[in-house]
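Pulled from Swiss-Prot:
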ACT_SITE  His108  active site, proton acceptor
BINDING   His270  heme b binding site
SITE      Arg104  site 'Transition state stabilizer'
Amino acid sequence: MPEQHPPITETTTGAASNGCPVVGHMKYPVEGGGNQDWWPNRLNLKVLHQNPAVADPMGAAFDYAAEVATIDVDALTRDIEEVMTTSQPWWPADYGHYGPLFIRMAWHAAGTYRIHDGRGGAGGGMQRFAPLNSWPDNASLDKARRLLWPVKKKYGKKLSWADLIVFAGNCALESMGFKTFGFGFGRVDQWEPDEVYWGKEATWLGDERYSGKRDLENPLAAVQMGLIYVNPEGPNGNPDPMAAAVDIRETFRRMAMNDVETAALIVGGHTFGKTHGAGPADLVGPEPEAAPLEQMGLGWKSSYGTGTGKDAITSGIEVVWTNTPTKWDNSFLEILYGYEWELTKSPAGAWQYTAKDGAGAGTIPDPFGGPGRSPTMLATDLSLRVDPIYERITRRWLEHPEELADEFAKAWYKLIHRDMGPVARYLGPLVPKQTLLWQDPVPAVSHDLVGEAEIASLKSQILASGLTVSQLVSTAWAAASSFRGSDKRGGANGGRIRLQPQVGWEVNDPDGDLRKVIRTLEEIQESFNSAAPGNIKVSFADLVVLGGCAAIEKAAKAAGHNITVPFTPGRTDASQEQTDVESFAVLEPKADGFRNYLGKGNPLPAEYMLLDKANLLTLSAPEMTVLVGGLRVLGANYKRLPLGVFTEASESLTNDFFVNLLDMGITWEPSPADDGTYQGKDGSGKVKWTGSRVDLVFGSNSELRALVEVYGADDAQPKFVQDFVAAWDKVMNLDRFDVR
């Protein structure tokens, strides 16, 4: 569908002809205008302050886990079933059942997930907000959510939209005869859209995300702006099933699905319902975010016929896949392989395939009792038949439908839970007992935890082991900072810092200190566990974090502060067999400004990548600032590089980073090595410090400099230590869903 309003354009330099960087006129802040209009390339620190507490109408004391636990899930299922099977005149149900629509709604909510940064997915209920609520691929899903309002209204705070959207899809499958694998509640609603990079394109269905032969830009997964997966008409509307198979494989891979899971999801999902392309697409009105006020948040209002029911237009494709569109069976594959196919067009002018030579005419039921139809398929459906790998998989299912049911159940379960993180976050009576490899399992605690006396003893042993403050802090940070708040993966729990692939990540300097630290901590663990009384044990994962805490206490003492860094035991150690190496590989940081590491192939300069990392760690701007300053003086840099170590007292927890960054006696200039680093020279012209773009941005950016001035003041040292320890403790426990 063409964009209703052309995007604002800029000149190549970002400045208008009169020297002003804004084209057109400035907008009021309430219209979205502001500093970013004047300086488009400035750091957007708002990405660190998303969904603030003041925006949450439920209040700080609200406990969603406690509320959702009170729901009678059987009664909820019946309520959703009633909605699904009660057609509404304002949006009539195809075949009298909204189940297929709800499956699409759930699929498209969860299907925005992508592996490279873990963003997207159903958590937070983001489908309610722009841009997702107005993506072309989500046309008419605004109606699906409105249909569910009576259910949401009834359960109120006990049931989030995020859970309801996905659970409705699960219920739809069950309602139409399919046995699902299970379901976990626990998705908490957010109250504003996430700031997520969905692509560089400024028009719907743009595809500037490709380079080379057909290399898709990271971290994106969908093929075009505004699509969830692939273009159902084929690549850029080219109805070539073999070419479409290439897009399908790459796109689904980037959403964590292998070939079997991909085929199962397509076959299973297209066993139900239909697409909608009853008439010309240019008769469809604007998406929800561009629709007139009086449409009350609904979009895509069509002037073709009644605009609904038999006249509905969504994708523009008019396909009914099976002769039993509200029943689980094997008819999709039977029809896919039972006919030869010819290229045709829908009434809306979209490419699709129809059974050749009129075969099967009249065998497909009309959704509203009209004459029977001919079998039809999408170009991407035929990909399952023409691609050799997909063909081998799906032909077997043609003869073994029970295998299809099993694979679809598991793939659907993965699809709708992939962004939820560990099973400790899954709530409710429908959670399966089985934990799957993609859920990054960690063993349950099977021993007594260490207490204060044991913790004190272990700290002493660690500090007496010969390991330095730098080594201990770096290792603990490397383990814990692998966490991603987007999909709740990574973190210190599991002790995977010593397993593949993490132990070999370049950012962890695998040929440097890491293996020595691992070996030493393992020796301490073995010695302690063999001598500890009763069933008291300590895990390697706990020792990694405890080592960092002990090192910080030592560094604080060196700076004149006697502190205790919080430590919460209870982490356990995963095995290599419990760790999917390929799946974990996408967690490898390509940049970590906290360690002054910048790998190759990053899309933005280092300071922007720092913000992205801080966002994934759910840090605020003050937390990010205090952590960078503290980690620099503790010597936690990648390969112990001197960049940003603005202190003469390394491994001492001082505020020297901030004090020296603000020193007006230092003049900064790019390094003659032309390697992206900078030299800070004193009045004599002597190089006193070296720094990276990440370091200097804290003095250059006005908002970050304001924070630096807090920690660089003469009275700031106690506050700096306090705030650093609090931020450190937060990062160390980001993955501890077992205790929060």
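Even glycines carry a Cβ here, placed using N, Cα and C.
Classification of the residue listed as 'heme b binding site' by DSSP places it in coil, neither helical nor stranded. His108 (active site, proton acceptor) falls within a helix when secondary structure is assigned with DSSP.
The C-beta environment of Arg104 (site 'Transition state stabilizer'), restricted to residues of the same chain at least 6 apart in sequence and closer than 8 Å, consists of Leu141, Ala144, Gly169, Gly269, Gly273. If you take the Cα of His270 (heme b binding site) and the Cα of His108 (active site, proton acceptor), they are about 14 angstrom apart, rounded to a whole number.
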